[in-house]
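To start, the structure itself, in structure tokens.
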């Protein structure tokens with residue numbers, strides 16, 4: 001078995017690599033700063049006791065963990081002529097990407113359920129979304145991430161890799177790995193699609209359905225209530241589209257690789273986590289008030 005893989009990266013052009021280095025370094029800085037700002041602001045304010053912001057703090061933490069599985073390695077590789085990753089680190093990247101990615105998917109689903117309960121069942125909201133239930137939902141998201149990632153990891157680690165060892169990607173994604181395995185990987189590819197692809201599709205359908213119900217219910221609310229609810233739900237819907245659109249393209253399809261894979265992967269590994277803090281802060285009045293209160297006091 002081979003001991004390392006060669007990553008072909010995003011481009012062979014030196015000027016493009018320098019531009020990408022500066023751009024993704026900026027993006028990673030925004031991701032870390034924005035999500036840490038949200039985390040600290042929520043933890044140090046009364047918002048932490050509200051279910052929606054409790055889940056948002058977990059989403060920000062997942063964004064940091066998820067993008068850190070790939071982005072630092074990508075940024076460092078852009079300065080190198082030969083981009084390599086060891087077999088062990090490659091398998092670790094497969095595991096952590098799917099682990100934190102699926103936790104993020106489930107937390108987005110939980111946040112949609114929270115908005116459904118707040119808008120459609122307002123009188124029973126605090127009973128439905130008590131702190132014990134919130135903790136159980138987050139724990140369930142972590143358990144779901146572990147089950148999913150172990151299943152993907154176990155399929156990859158059982159494959160033999162004897163050469164070639166060039167992966168046409170900037171990180172160890174599953175379909176490029178299947179392409180360089182020294183065995184027939186059709187069944188494994190189908191299982192990956194059935195697992196990751198169906199999880200992404202079913203979750204997206206559930207999220208879409210929940211927001212349809214929410215929008216239908218808002219017809220009976222006051223104009224001010226509709227405006228506030230639409231502002232919150234609009235943020236969630238934007239994040240869902242940014243994350244799930246490229247993810248569904250990446251995994252709900254025949255198990256093969258396409259030249260566009262790397263571009264779509266950039267959306268769900270870097271671009272979506274970068275926009276999440278901006279979307280949740282700029283469109284949320286309560287979040288902006290909490291941030292001003294926490295950071296102005298500290299300064």
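Each Cβ is built from the backbone N, Cα and C atoms, and glycine gets one as well.
Nobody curates TrEMBL annotations by hand; they come from automatic prediction.
According to TrEMBL, the feature domain 'G-protein coupled receptors family 1 profile' maps to 34-280.
The feature transmembrane segment is assigned by TrEMBL to 16-40 (among others).
According to TrEMBL, the transmembrane segment annotation covers 52-75 (among others).
Annotated transmembrane segment per TrEMBL: 95-113 (among others), in sequence order.
Same-chain residues lying 6+ beyond the ends of the transmembrane segment (134-151) with a Cβ under 8 Å from its Cβ atoms: 51, 54-55, 58, 95-96, 98-103, 106-107, 110, 113, 195-196, 199. The annotation transmembrane segment is assigned in TrEMBL to 134-151 (among others).
Under the heading transmembrane segment, TrEMBL lists 198-218 (among others).
The transmembrane segment annotation in TrEMBL covers 230-251 (among others).
Per TrEMBL, the feature transmembrane segment maps to 263-282 (among others).
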Integer mean pLDDT for the domain 'G-protein coupled receptors family 1 profile' (34-280): 84
Under 8 Å between C-beta atoms and at least six residues away from its ends: which parts of the chain pack against the transmembrane segment (95-113)? 52, 55-56, 58-59, 62-63, 65-66, 69-70, 137-138, 140-142, 144-146, 148-150, 152-153, 171, 173, 196, 199-200, 203, 206-207, 210-211, 236, 239-240, 243-244, 247, 268-269
